[in-house]
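Trainee: The structure follows.
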């Protein structure tokens with residue numbers, strides 16, 4: 001009679017470290033000649049014994065040959081992994097993992113078996129001694145008295161929402177201490193209820209694992225004895241996706257840690273390998289309890305959402321160091337922009353709005369490089385007449401304060417005898433705008449000088465009062481009361497010079513004490529016999545070394561002095577020659593002075609009234625516009641005007657910096673709200689483009705490249721979003737500012 005086949009002979013083995021698909025790799029190893037084994041199957045023991053596996057040999061002799069070999073190890077990714085054999089002391093009839101009990105007595109170091117086999121035998125064997133049951137029952141009763149209530153936090157990553165919801169069916173009176181949109185997270189109850197829930201959920205997990213193992217067994221192909229023993233088989237439970245390397249870098253840049261989260265959530269390992277010069281393969285390999293299909297689907301959804309509507313652009317700079325500086329600045333301003341550097345070239349990848357704002361920021365150079373302006377002509381400051389400065393001091397000090405705030409400088413006023421020096425020092429060493437400060441002060445000084453007025457009080461008919469007027473005490477008191485009014489006396493009159501509001505107070509002071517009345521309706525002239533001079537040492541203007549003050553524009557004078565009337569030009573700071581009166585504002589200048597000034601800028605130097613539209617040197621190009629239904633931030637309720645500028649490549653002419661040299665064209669896009677004010681600004685911008693004022697050819701401070709198309713001091717919104725820092729909206733004052741910029745060029 002034929003003998004029955006041997007029952008499967010099990011062997012417990014343990015790995016020193018966790019590896020993916022370990023049971024498949026062990027199965028291959030124990031069927032190879034290197035192990036001495038033969039036909040077998042391998043299954044993990046379960047959660048109670050991590051990294052421990054049951055090897056069932058079809059032949060007991062194969063198991064014996066494996067046990068005779070003292071050391072076992074296999075290669076995983078060219079790395080040796082040690083396999084430890086656990087020899088059992090008694091036959092293992094049922095290797096299914098027991099459900100762990102919360103009331104099981106805690107094992108102490110003294111009672112722990114000397115090897116892992118003993119503990120596994122106790123955990124896996126169904127034979128329990130009667131005395132163990134008595135101990136367990138006694139412990140249950142004691143524990144029940146010790147713990148009045150127990151709170152347990154559920155593993156939401158391991159248990160589905162439906163499995164956690166079924167808890168209320170098992171224990172209806174359990175308390176759900178924490179429940180959110182994704183289900184129950186914490187439960188509270190007595191010790192027995194918590195233990196009951198623990199057993200129930202453990203059974204659910206074991207059933208799911210057994211179903212998965214059963215489906216794997218069905219997918220097995222030919223008998224394993226026909227498989228070449230020394231060849232490691234590729235695990236079938238894996239997936240791979242090929243994507244562009246640059247898009248994957250962008251995905252990891254804007255979603256840091258997302259790949260690690262997918263690995264943790266779905267129990268997979270993700271490996272990235274280059275497959276071609278511009279492509280990479282994202283591989284998904286499942287762990288014992290992982291789900292490759294759901295992991296790959298989750299990655300595809302996230303990747304497509306992240307990479308849609310992306311735009312790529314390149315920026316070339318003049319030197320490698322400059323490229324590094326620009327890259328750091330753009331990375332700070334646009335955190336969701338991927339910036340790749342190669343030499344002097346930067347590659348930008350991101351949303352169209354970020355790309356547009358970044359390229360605009362580079363082209364305008366705002367915040368990217370310290371602006372260095374040489375103030376060689378102002379190293380010692382500006383010197384003005386001390387006496388004149390005293391007359392204008394209140395207004396000039398206020399102007400200096402505003403200039404300090406506007407240009408981030410610190411003004412210093414130093415009196416040096418007959419001259420007063422005004423010096424501006426930058427507060428920020430990297431941004432020197434002292435030249436602009438000096439220009440602003442010069443304009444303010446000229447405007448204030450134009451406001452100076454002179455009043456002449458006649459002394460005819462006075463007796464004793466005239467002697468009192470020439471008294472030193474009177475002059476000292478006058479200077480103390482009115483330090484910003486110049487006071488000069490002669491035998492026939494008293495001359496007062498100052499700003500209108502200071503002058504009115506001084507005249508009241510003199511009239512009250514001397515009983516005088518000012519002459520009216522006539523301009524003051526310089527007295528031919530006694531020139532009006534302002535002395536820094538003589539309070540009466542006597543025959544001492546004086547600093548001459550050019551005659552200011554007067555409101556009244558004596559008849560005797562009217563013949564010598566000479567007006568004052570604020571441009572050359574001298575007496576007007578060949579007078580020219582501007583038609584709109586009626587300000588007067590030397591003809592030669594105002595002609596030169598109008599060639600530079602057709603506005604009045606005093607009040608900035610426009611006298612014509614400026615002409616620019618913008619190259620040939622086109623300007624067009626269209627409208628969109630979408631609104632801009634801050635202008636909800638109206639559409640959007642889209643302006644498109646195009647300047648083609650060309651050759652510079654004599655009105656450009658380098659005639660005969662080529663320049664590259666450009667395309668720019670700007671946005672305005674489609675409302676009444678926006679359409680008005682559109683008309684003004686169109687007028688500026690017609691007069692060639694929108695663009696110019698010059699040096700770009702941002703890129704360091706010469707002979708390029710740049711904006712010409714008329715600001716445009718080149719992005720819909722991002723605010724003023726990114727040349728976008730919302731910016732409630734933009735339309736007002738751009739109209740002022742256009743007005744300064746004569747367009748209004």
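In case you wondered, yes, glycine gets a Cβ from its N, Cα and C as well.
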Trainee: According to Swiss-Prot, region 'Disordered' applies to one of these ranges: 209-238, 239-268, 269-298, 299-328. Which one is it?
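Mentor: Going through 209-238, 239-268, 269-298, 299-328 one by one, Swiss-Prot flags 209-238 as region 'Disordered'.
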Trainee: Which of these ranges is annotated zinc finger in Swiss-Prot: 569-608, 609-648, 649-688?
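Mentor: The range carrying the zinc finger annotation in Swiss-Prot is 569-608.
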Trainee: Could you pull out which residues elsewhere in the chain have a CB under 8 Å from any CB of the zinc finger (569-608), counting only those six or more residues past its ends?
Mentor: 443, 446-447, 449-450, 550-551, 614, 744, 746
Trainee: Under a criterion of Cβ-Cβ distance under 8 Å and sequence separation of at least 6, what residues of the same chain contact residue 9 (phosphoserine)?
Mentor: 56, 57, 59, 60, 62, 63
Trainee: Quick one: average pLDDT across the zinc finger (569-608), no decimals.
Mentor: 84
